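Colleague: Pulled these features from TrEMBL for this protein:
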ACT_SITE  E265  active site, proton acceptor
ACT_SITE  Y352  active site, proton donor
BINDING   Q103, C104, Q105, P235, Y236, G237, G238, M239, E240, R534, M535, K536  peptide binding site
BINDING   H264, H268, E287  Zn(2+) binding site
DOMAIN    434-578  domain 'Peptidase M1 leukotriene A4 hydrolase/aminopeptidase C-terminal'
Amino acid sequence: STDASARTLFKAVVPSWLHRGTLDSRDLQIVSVSANGQAARFTMGPKHSFKGTPLDITLPFDLSRGQHVIVEVTYETSPSATALQWLTPAQTAGKTQPYLFSQCQAHHCRSMIPCQDTPSVKHTYYAQVSVPKDLVAVMSAMRDGQEVDPQDSSRIVYRFRQPVPMPSYLIAIVAGALESREIGPRSRVWSEKEFVDKAAFEFSETETMLKTAEDLAGPYVWGQYDILVLPPSFPYGGMENPCLTFATPTLLAGDKSLSNVIAHEISHSWTGNLVTNKTWEHFWLNEGHTVYLERMIGRSLESEQFRQFKAMGGWKDLQDSVNTFGANNPLTNLVPSLQDVDPDDAFSSVPYEKGFALLYHLEELLGGPEVFMGFVKSYIQMFAYGSATTDEWKNYLFTYFKDKVDVLNKVDWNVKTTKLQKLQKPPNLTVVNPRVYACIALSQRWIKAKDGDLSSFKESDVKTLSSHQIIEFLSLLLQEEPLPLTHVKKMQQLYDLNASMNAEIRFRWLRLCVRARWEEAVPMAMKMATEQGRMKFTRPLFKEVFNFEKYRDEAVRMFVAHRAAMHPVTSGLVAKDLKLDANTASL
């Protein structure tokens, strides 16, 4: 239903040894619980600040060995459910229909469904979703038909089935005025009609990426691979929900330059969805392997130079995260302790890029990309349909490379304080790469230039650079002391970066301008920070303006004015970035 307090039935098959059970819940109003049609007793445990409230269920009968039982929970969600964002028509592209989307990672599914909300538990699911006839529902599952709602002819019931076991954080639901276009033999792109053709162009290479990933990692087991372009408030670049990858509209650059995000989400079909981190402390198993596979796809479709170019950019993202947290912050560990830590607060590029750096380092030691990709494929096959810890991964690594144990023993395996944290550059990215040199050369010219040298720069400086190279050029400048205001004004005059529609370029450019204390850039930075909600962009832009003392109050004012339209995770983290009370938004 498109009503935030929708009543839903939850059915679970409980194994015979279970007489009592506990499900995770958060801000759910439990109406009733039954087991095989008989009323069951339930109690709600103490509420935890971010884990929610345990739902304890006692079955009304004893179970015998081999017996199964269907537990039915009738409940209502809260309008403030952290898994769900309800958009008014004004917040959509079409402006005529409301929109609902879910985002369950890391532990928000419990605010939508009472469940065992842990990645260590996997399940299949079947669902029926009733929506007004002007809306379309899609889920992270195979579409299984639709029909007029027998209880209300103005509504349509959409059916879904997910036969492949998956963790709760991958359950996803969307309802809105959606259209779709076929982009391959097993893929469609979904969005509001205003974006659907642009999205179909942007993601037209999806099948090529899927086939490349299969060559590297093994068969794609999920059947359909669709992509849904969400409204701008979606907080992530992408989300790997099975059968239905979620994508931010900031990917629609018009030049296919940001397709590496789709390569990343495709890779999750193996590393993350098929083999899953057992707990969120081991998140790097999901993300480090996925970045590795994503860049191997880039290597196959482009070149080894391209893979290393992307790796060097990723290393800068890692340095940014370490600098933000602080080099000694335990959240920069490869395997952090998350005892009493909300996984949302720990989210950063660390598990992605430090994980990739470890895998790349092992690749070098053990025989190169083809040899190490053989291990990754074997690891996927060994742990498919299950979950793993870092120790289990490491033990399998030593088993697979049993003839190279002496090499592996030289690696610093203290993953909590791994030496990777102290590395100043990615391990031995030695391939001669003219793409990188061009970026370094141009950035160094700007860094070293005096005001009298500015006439030496020309519009043609960036004409031969790809979008990836311009992103790298700006990233290099962001690692240095802020450029003088005269420099960024000259850069705009020559390169007209204000006109760029590529979100990755625009994001870095606006940060550079605000750091140079260019006051005209502040409204543009705030516009980008509030018109879309991708945390990768929104949080740093707010922080840059907040750090510009003259406009600190403006950053707070803009956040307070727009927080209601933000995703709950985004608004909560931006409030912390701006040192605001999460509820009152006061200094």
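If you go along the chain as it appears here, the first residue is 1 and each next one adds 1.
Yeah, the Cβs are placed from backbone N, Cα and C, and that goes for glycine too.
So where do these features actually land, and what's packed around them?
Modeller: Within the same chain, residues at least six positions away from E265 (active site, proton acceptor) with a Cβ under 8 Å of its Cβ are G238, M239, E240, T245, A247.
Using a 10 Å radius centred on the Cβ of Y352 (active site, proton donor) and all shown protein chains, the other Cβ atoms total 23.
The Cβ neighbour count for M535 (peptide binding site), using a 10 Å radius and every protein chain shown, is 20.
Taking Cβ-Cβ distances under 8 Å and a sequence gap of 6 or more within the same chain, the neighbours of H264 (Zn(2+) binding site) are G237, G238, T290, V291, E294.
On the 0 to 100 pLDDT scale, the domain 'Peptidase M1 leukotriene A4 hydrolase/aminopeptidase C-terminal' (434-578) averages 94 in the predicted structure.
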Colleague: Round to a whole number and give the Cα-to-Cα distance in Å for the pair Q105 (peptide binding site) and H268 (Zn(2+) binding site).
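Modeller: That comes out at 14 Å between the alpha carbons.
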Colleague: Within 8 Å of the Cβ centre of H264, H268, E287, which other residues of the chain have their Cβ, at the recorded Zn(2+) site?
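Modeller: The answer, listed by sequence position, is G238, E240, E265, S267, T271, G272, N286, T290, V291, E294, Y352.
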Colleague: Please find, for Q103, C104, Q105, P235, Y236, G237, G238, M239, E240, R534, M535, K536 as listed binding peptide, the greatest distance between any two Cα atoms, in Å.
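Modeller: Across Q103, C104, Q105, P235, Y236, G237, G238, M239, E240, R534, M535, K536, the two farthest Cα atoms sit 18 Å apart.
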Colleague: Can you tell me how the residues of the domain 'Peptidase M1 leukotriene A4 hydrolase/aminopeptidase C-terminal' (434-578) break down into helix, strand and coil by DSSP?
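Modeller: Here the numbers are 115 helix, 0 strand, 30 coil.
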Colleague: Could you state the CA-to-CA distance between Q103 (peptide binding site) and Y352 (active site, proton donor) to the nearest Å?
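Modeller: Between the alpha carbons of Q103 (peptide binding site) and Y352 (active site, proton donor) there are 19 Å.
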Colleague: Just the number: how many Å between the Cα atoms of E287 (Zn(2+) binding site) and Y352 (active site, proton donor)?
Modeller: 5
Colleague: Taking the Cβ of H268 (Zn(2+) binding site) as the reference point, list residues of the same chain whose Cβ is under 8 angstroms away and which are at least six residues distant in sequence.
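Modeller: Once residues fewer than 6 apart are set aside, H268 (Zn(2+) binding site) is near E240, N286, T290.
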Colleague: When a 10 Å sphere is centred on the Cβ of G238 (peptide binding site), how many other Cβ atoms does it contain?
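Modeller: Within a 10 Å radius of the Cβ of G238 (peptide binding site) lie 22 other Cβ atoms.
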